[in-house]
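Feature annotation from TrEMBL assigns domain 'Ionotropic glutamate receptor C-terminal' to 27-253. Feature annotation from TrEMBL assigns transmembrane segment to 59-84, 246-266. TrEMBL lists 88 with the feature site 'Crucial to convey clamshell closure to channel opening'. Residues or ranges marked as L-glutamate binding site by TrEMBL: 109. The annotation site 'Interaction with the cone snail toxin Con-ikot-ikot' is assigned in TrEMBL to 115.
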């Protein structure tokens, strides 16, 4: 579109001025008019005898300033503003996303349940679920975290243990947790078999859960164990790191201009 507009404006103006015998070299004049697009100066006295030609050039120069500014702005935006992947908020988004599911192979029934589920979303998750074998007993999720950091996998972990894993491996600032859960996690307390006070403890845990006491205790414990290490992305602030592409182009342009100047001085 931009090239077509430039050719049309310069060609029509040159044709009219050439018919009036005001331009002797049409090719040279077309190049001068088109050169305005790359901020090359042109003397207005070349069309001094034709008033409408000067008006034509003024309108064209104003349009060129706008086009150049818009192109430069878009170019700088493309080179400096990072493009972040779309966030996944729900299980349905996860099923539609171009990422595979990842789960540790500890004998869970989740894989078979997902693959045989009547829910289309859960069934879709089951078809792209990968099972990681346990290869490092001292650090079970090390390889899984590495796979997640490639940007092509999402890790399934029960409950809030995922936050502990993110803090342990130092990836809090680079990962996030989908708020919607596939299954609800129950609050449990392990007791010996045939314990006589099982019912009493179960009732007490239920009351503490319903009143929000357990959630409050968990949040306090979480704040003490897990150090916040998150960052706000896409805040609109362009720093030196974002501008490195523009500075690289500026340096390359300066080098090319320097050698061009040396060549012109020698010739």
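For all residues, glycine too, the Cβ spot is worked out from N, Cα and C.
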Residue pair residue 109 (L-glutamate binding site), residue 115 (site 'Interaction with the cone snail toxin Con-ikot-ikot') - Cα distance, angstrom, rounded: 10
Residue 115 (site 'Interaction with the cone snail toxin Con-ikot-ikot') and residue 88 (site 'Crucial to convey clamshell closure to channel opening'), Cα-Cα, nearest whole angstrom: 21
Cβ packing number for residue 109 (L-glutamate binding site), 10 Å threshold: 7
For the domain 'Ionotropic glutamate receptor C-terminal' (27-253), the mean pLDDT of the predicted model: 77
Which of 88, 115, all recorded sites, has a Cβ with the fewest other Cβ atoms inside 10 Å: 115
